[in-house]
Amino acid sequence: MQVLLITISLAVLPYLGSSIILESGIVNDYEVVNPQKVTAMLKGAVKQPEQKYEDTMQYEFKVKGEPVVLHLEKNKGLFSEDYSETHYSPDGREITTNPPVEDHCYYHGRIQNDADSSASISACNGLKGHFKLRGEMYFIEPLKIPDSEAHAVYKYENIEEEDEAPKMCGVKHTNRESDKSIKKASQLNLTPEQQRYLNTPKHIKVAIVADYLIFRKYGRNLFTIRAKIYEILNILNEIYKAFNIHVALVFLEIWSNGDKINLFPAANVTLDLFGKWRERDLMNRKNHDNTQLLTGMNFDGPTAGLGYVGTMCHPQFSAAVVQDHNKINFLVALAMAHELGHNLGMTHDEQFCTCGAKSCIMSATLSCEGSYRFSNCSREENRRYLINKMPQCILIKPSRTDIVSPPVCGNSLVEVGEDCDCGSPGYCRNPCCNAATCKLTPGSQCADGECCDQCRFTRAGTECRPARDECDKADLCTGQSAECPADQFQRNGQPCQNNSGYCYNGICPVMRNQCISLFGSRAIVAEDACFQFNSLGIDYGYCRKENGRKIPCAPEDVKCGRLYCFDNLPEHKNPCQIFYTPRDEDKGMVDPGTKCENGKVCINGKCVDVNTAY
């Protein structure tokens with residue numbers, strides 16, 4: 001691996017006036033540095049000429065006359081393995097690509113001999129980002145001087161604010177319990193299942209949507225918008241390391257030919273519409289855990305963002321809206337981290353909440369102090385939320401063979417050649433894993449997993465995954481692995497829910513429940529006569545498709561085609577209702593394995609005998 005050592009000579013140039021205009025705004029006090037690259041090969045390193053950006057870099061420079069050494073590692077977990085982007089042509093055509101992102105230019109880092117330091121840097125065109133040194137936050141960005149390597153280093157407090165009014169989160173009701181009860185949350189008696197859930201690393205696959213206002217704000221330049229969002233996600237990823245939560249960008253959509261929903265200055269209205277669009281549209285196109293709308297809309301009052309509380313993994317409510325309220329990407333990332341915190345069960349901090357800084361991430365007033373720490377209250381609330389709700393989607397982690405870039409110890413992703421990876425030595429809190437080598441500590445059999453307890457394999461027969469319902473089986477540890485075995489189900493065709501259905505791949509598919517899922521809690525299955533539409537072979541009634549052609553149902557199969565329901569709402573009189581969307585025509589069909597008659601189930605659009613179906 002080629003390692004780049006860059007020495008920055010710190011000739012502090014004379015100021016060209018009392019202030020300077022940078023991307024971040026007008027800065028009144030700054031230092032000018034001029035990076036000079038010096039390459040060196042470390043012992044054992046292998047040069048990889050196909051890489052444009054090195055995996056590991058060091059920068060040596062001075063701040064206030066004091067020398068510092070900044071160590072950087074490429075953030076290998078910034079993008080998911082199946083990352084994709086979508087934008088729209090002027091005539092509305094959807095354009096989706098899978099850009100190569102493994103050789104990207106976004107880094108995390110630390111300052112040598114400063115245990116509390118951190119950094120998030122873009123090295124795409126010079127150095128742009130922030131680093132924390134001796135408890136103070138500094139920003140660095142290239143100066144736009146022709147044929148020059150000059151950069152500016154400055155502190156947030158030296159930036160002139162265009163809008164001095166503090167920005168707020170739009171969440172109004174926190175229902176925070178007392179300081180005493182917050183402390184007690186960490187003393188809860190946990191079941192083995194809850195403890196295993198807490199010990200398992202979490203992975204949030206985030207989708208970002210940039211609206212048409214953002215597209216226009218940044219000169220209709222897709223490259224500029226991508227770079228901004230990559231920077232924000234790099235910071236978000238860094239922030240959530242504190243919870244051992246890995247945040248990866250799985251999808252980016254830019255509404256380049258107009259917004260897909262109506263946007264309103266009332267943040268709650270925009271969030272409601274965005275969540276519904278997410279469930280109706282985006283969830284059908286891209287598998288992900290959480291969606292954040294980055295908008296150019298100026299919300300009413302001081303509101304800079306709004307997110308649902310305690311809703312991670314929900315198809316509609318695992319979402320938030322964030323205003324692009326500041327030129328500094330770091331502050332926009334803090335707002336997004338705040339709203340994502342709401343999705344993860346955190347509410348606003350009260351006066352008794354502390355994080356060792358002037359302001360914490362979950363303060364109702366968004367921090368401009370450069371702090372990205374979570375308070376003791378936020379940590380306990382997140383812990384309690386995870387214990388009580390155990391959202392399952394964030395347990396799905398990438399396979400070590402799915403990670404296409406070279407392995408790097410310390411990025412919290414277990415890759416080929418590693419036993420474990422608990423993050424950098426400064427973040428690692430796992431006694432079973434050596435953070436410096438990504439190998440198990442002496443005597444340890446495992447570092448994490450549902451069947452790992454205190455660094456040892458759990459004894460054989462210990463339940464690691466309880467039965468979810470009557471069609472599922474409890475799964476047991478083998479005593480030979482830290483991983484819970486593959487999910488095992490009851491046999492297909494076993495009666496369930498008081499003979500209203502038959503088990504199918506671990507669930508009990510029943511028409512009534514499918515209607516409730518599509519039309520709400522009052523919905524019921526429509527009268528038998530409605531299902532006769534399935535004999536027509538049209539959009540609103542068919543059993544299956546062959547070569548794109550809709551095949552009508554035979555008379556005995558009509559209950560295995562389009563699902564007909566009645567939502568039971570007083571204002572609706574149509575007794576034959578269906579769910580139909582041209583983007584996903586098969587959504588709203590009767591699920592496979594659903595009971596269609598006594599002793600019969602739907603398989604491939606036919607109502608067949610349950611004893612021969614499987």
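Glycine is treated like the rest: Cβ placed from N, Cα and C.
Taking Cβ-Cβ distances under 8 Å and a sequence separation of 6 or more, the neighbours of Glu339 (active site) in its chain are Cys169, Gln292, Gly305, Leu306, Gly307, Ala320, Val321, Val322. The active site annotation in Swiss-Prot covers Glu339.
Neighbour count (other Cβ atoms within 10 Å of the Cβ, all protein chains): 24 for His342 (Zn(2+) binding site). Summarising the annotation, Swiss-Prot assigns Zn(2+) binding site to His338, His342, His348 and lists similarity to another entry as the type of evidence.
Sequence annotations record features per position, and here Swiss-Prot assigns Ca(2+) binding site to Val408, Asn411, Leu413, Glu415, Glu418, Asp421.
Taken from Swiss-Prot, the feature domain 'Peptidase M12B' applies to 202-398.
The feature domain 'Disintegrin' is assigned by Swiss-Prot to 406-492, with sequence analysis given as support.
Sequence annotations record features per position, and here Swiss-Prot assigns N-linked glycosylation site to Asn268 (among others).
According to its DSSP assignment, Asn376 (N-linked glycosylation site) is helical. The N-linked glycosylation site annotation in Swiss-Prot covers Asn376 (among others).
Cβ-based neighbour count (10 Å, all protein chains) for Asn498 (N-linked glycosylation site) stands at 6. The N-linked glycosylation site feature in Swiss-Prot is assigned to Asn498 (among others); the stated evidence is sequence analysis.
Contacts of Gln194 (pyrrolidone carboxylic acid) defined by a Cβ separation under 8 A and a same-chain sequence distance of 6+ are given as Ile387, Met390, in order along the sequence. Residues or ranges marked as pyrrolidone carboxylic acid by Swiss-Prot on the basis of similarity to another entry: Gln194.
Of all the binding-site residues listed here (Val408, Leu413), it is Val408 whose C-beta has the fewest other C-beta atoms within 10 angstroms.
Taking only the Cα positions, the spacing between Asn376 (N-linked glycosylation site) and Asn498 (N-linked glycosylation site) is 47 angstrom.
Set side by side, the binding-site residues Glu415, Glu418, Asp421 differ in how many other CB atoms lie within 10 angstroms of their CB, and the most is found at Asp421.
Ranking the recorded positions Asn268, Asn376, Asn411 by C-beta neighbours within 10 Å puts Asn411 at the top. Of the candidate recorded positions, Asn268, His348, Asn498, the one lying closest to Asp421 (Ca(2+) binding site) when CA atoms are compared is His348. His338 (Zn(2+) binding site) sits 45 Å from Asn498 (N-linked glycosylation site), taking the CA atoms of both as reference points. Comparing CA positions across the recorded positions Asn268, His342, His348, Asn498, the one lying closest to Asn411 (Ca(2+) binding site) turns out to be His342.
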